[in-house]
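The UDP-N-acetyl-alpha-D-glucosamine binding site annotation in Swiss-Prot covers THR15, ALA16, GLY17, ASN129, ARG171, SER211, GLN322 and rests on sequence analysis.
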Amino acid sequence: MNQGTPHIVLAGGGTAGHVNPLLAVAGAIRDIEPTAQVTVIGTAVGLEKDLVPEAGYELDTIEKVPFPRRPNLYMLRFPAKWKRETAKVRSILETRHADVVAGFGGYASAPVYATAHKMGIPIAIHEQNARAGMANKLGARWADFIGTVYEGTGLKPRAGADVERVGLPLRPAIASLTKRIGDDRAAVRRESAAQLGVDPNRPLVLVTGGSLGAQSLNRAIASSAADLLAHAQIIHLTGRGKISEVRELVTASAGADVLTGIGPESAGQGDYHTAEYLERIDLAFACADLVICRAGAGSVSELAALGLPAIYVPLPIGNGEQRFNAEPVVNAGGGLLVADKDLTPQWVHEHVPDLLADHERLAEFGRKAWEYGIRNAAEIMARHVLQLAEPSK
């Protein structure tokens, strides 16, 4: 350690799924050890480009070095590019006097892992997905500590490495909400409902397919508006460019009078609240009795940490990665899993109203989700990173 002050380099980025956990751990490190010097290695094109400086951390950038997946011209160029970027990483780690490197996956992580290993710098890894990505699979060969959100990620740690399910380091707004609802969920619900323009005394279903929306989810739910509104009010976040179709389907099902927006001015105007996107998703989480959503790793972990029952509809692409994200909490009793192809208006009609009417079953889903969820992942991960920075390590 550098004269009693730990110098910690965090690596990762590209998507919010990599950047948000990184920043959560960075904040926890500073909370535990205010003297710690924390910097980040990322790319100049990922979300970290803006989010890291905005959070108050210095960002050192390298170019993306994705591993070749098939024989092509890039495969021929890869060795030279890898050598150039790892040399740049070595310079950064030397300049930053790094005591430990902690990686969160993404393009920037792989060259950092390889370089830190050659320099003898301890390595910690956080893997957020049920099936690990290529960068973290590489880093696991050399890591001293691996923190995961799921069991069975496919990572193969070296002999002697510590591996622990630590959970997902939560975004500040979500971490704050977990503490507040633990103290007084009803009060938090009332305050949040006032800001959204919804009734805190009526059940609420939150529907979201992410920032881009989910067409199949949008159509199945909006077409079932009349069935659902008999049991609950709805907040439907449609995704960009998809709100018109959703409103048309709702109108066809339940009439135009049920439609309204989101915000205090919408109170009492209708029970089907629509918007393309909601910046303060924590407000909707605070009011929700049931969430119908995709099964991204971040979404699943946040809903479990909040103890929210959910119907997960995995994105039907790749090797079914999203299904693997949702299966553990569903198997623990924290919700339902339905394939995208099966989510039809008929499925909604046959399953969701009965679930909303069964308050005991819904409450049990919530209890099981809460028991499965982990709310202090950022602190756990931060303590492991700081431990690796100690001279004895």
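Cβ from N, Cα, C; glycine included.
Sequence-distant contacts of ALA16 (UDP-N-acetyl-alpha-D-glucosamine binding site), defined as residues of its own chain at least six apart whose C-beta falls under 8 angstroms from its C-beta, comprise LEU47, GLY298. The local packing around GLY17 (UDP-N-acetyl-alpha-D-glucosamine binding site), expressed as other Cβ atoms within 10 Å of its Cβ over all shown chains, amounts to 20. Taking all protein chains in view, 19 other C-beta atoms sit within 10 angstroms of the C-beta of ARG171 (UDP-N-acetyl-alpha-D-glucosamine binding site).
Remark: ASN129 (UDP-N-acetyl-alpha-D-glucosamine binding site) has GLY105, VAL149, TYR150, THR153, ALA297, GLU321, PHE324, ASN325 as non-local neighbours, by Cβ distance under 8 Å and separation of at least 6 in sequence.
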